Amino acid sequence: MRLATEPASLPSGLPEPRRVAVLSVHTSPLAQPGTGDAGGMNVYVLQTALELANRGVDVEIFTRATSSADQPVVPVAPGVLVRNVVAGPFEGLDKNDLPTQLCAFTAGVLRAEATHEPGYYDIVHSHYWLSGQVGWLAADRWAVPLVHTAHTLAAVKNASLAAGDAPEPPMRSIGEQQVVDAADRLIVNTEHEAQQLVSLHQADPARIDVVHPGVDLATFTPGDRLAARAALGLDANSRIVAFVGRIQPLKAPDVLLRAAALLPDVQVLIAGGPSGSGLISRPGAGGLATPDNLVNLAAELGMTDRVTFLPPQSRDNLVQVYRAADVVAVPSYSESFGLVAVEAQACGTPVVAAAVGGLPVAVRDGVSGALVDGHDPGDWAGTLADVLAADPATLSRAAVDHAATFSWSHTVDALLAGYGRAIADHRARHQGQLARRSGRRFSMRRGVRA
């Protein structure tokens, strides 16, 4: 038996879940962020699960097995299990082909639940639309509420594609609409995302909870910049702008390279691996942000000696990357929040980010960094130069202060409140349905006696 280290702080009268089934079909929370499809969502799923467990809530995370070496059940921490569900081939299955394996995945989830006593889970929380499709069926089968977090929306991504990038297929938009309609509650990162759900998918605002993601404030902390640079083999005296994340057109690392080319004394550090359309160099799409194309672009811009590429980094090494940089750039075309921006600021590093999606929440414009409208390299170069010229101590303090307003504890406070509302509403609907059925049976009996 586990003891909660911190009581769940729910609004008075809301029920508290005992056990949560979390669905993350397309990417495991144990995967290294910055590789394949692993990114901020992986961090979110794992960190919220750990914090829920700290509150005494048991969490089982279901994800698709991607290797024959994956154990069926992986205990992560007391109260947190990851279940690797076999659904389709372990390797070589593109994310766009995963819908063909949702039936197999759903069957695996239902089989796992069948090993528990009836009524084991109190709630299902699905992440991304693929998981939402599974969650829709599982929640209905188990007669529990479905809470869904989209993380990204096809309509939003398609409205702001990088040049040459592939749009999301219509199948995804249809699937997202189905999940929005089926979910008892929808969790979004920002008010802006809530507005998008309402305008694009006609979501009921009363069913939406705004829950800011957090940051591990015990891990991501300020530190010695020179020591961090020495650990990474970087020059002690250079001005360094870092990019951290998956290398794909959506994240726009090529925009950073073109901007840095206009700043001759700036070094660029890129830490991450290919993902999505960043895995493929298509004919006629030479500008796409694939690793090979970025290397070629650096050569074309005459700045090969000013760009350092690192593979995806562990959390401890990632802290060193943030500390080593003078500025972290987040030039994404679309970003529902931007955990990288908050992690960097927690390490005392200011951020220059695109003014899209949730980044205006993650970065305090003019205080902890700066926001840039659009993706013109000249505009980015000018903003980077301004931030690099500002007082670093003032920016660093402001960055740390802003990041301190985001924590996984605060995230889970709000998440538990959303869970409580979902459970309460679901129970009320169920009781109402029972009452209506009982009333109909009574009326029928009276009619027979008459």
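Note: Cβ is positioned from N, Cα and C throughout, glycine not excepted.
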Listed in Swiss-Prot for the 1D-myo-inositol 3-phosphate site shared with His26, Asp37, Ala38, Gly39, Gly40, Met41, Asn42, Lys95, Tyr128, Arg172, one of Thr106, Thr115, Thr152, Thr190: Thr152
Listed co-binder of Mg(2+) (same site as Tyr322, Arg323, Ala325, source Swiss-Prot) among Thr290, Thr304, Thr349: Thr349
Cβ atoms near Asn42 (1D-myo-inositol 3-phosphate binding site) (within 10 Å, other residues, all chains): 24
Neighbours of Thr349 (Mg(2+) binding site) among the binding-site residues Pro33, Arg246, Glu343 (Cα to Cα, within 10 Å): Glu343
Rounded distance in angstrom between the Cα atoms of Pro33 (UDP-N-acetyl-alpha-D-glucosamine binding site) and Arg172 (1D-myo-inositol 3-phosphate binding site): 23
Alpha-carbon distance [Glu343 (UDP-N-acetyl-alpha-D-glucosamine binding site); Arg323 (Mg(2+) binding site)] in Å: 10
Chain-mates of Tyr322, Arg323, Ala325, Thr349 with C-beta within 8 Å of site centroid, Mg(2+): Arg225, Ala228, Ala242, Val319, Val321, Ala324, Val328, Ala344, Cys347, Gly348
Recorded UDP-N-acetyl-alpha-D-glucosamine site residues Gln32, Pro33, Gly40, Arg246, Lys251, Gln313, Glu335, Glu343, farthest C-alpha pair in Å: 21
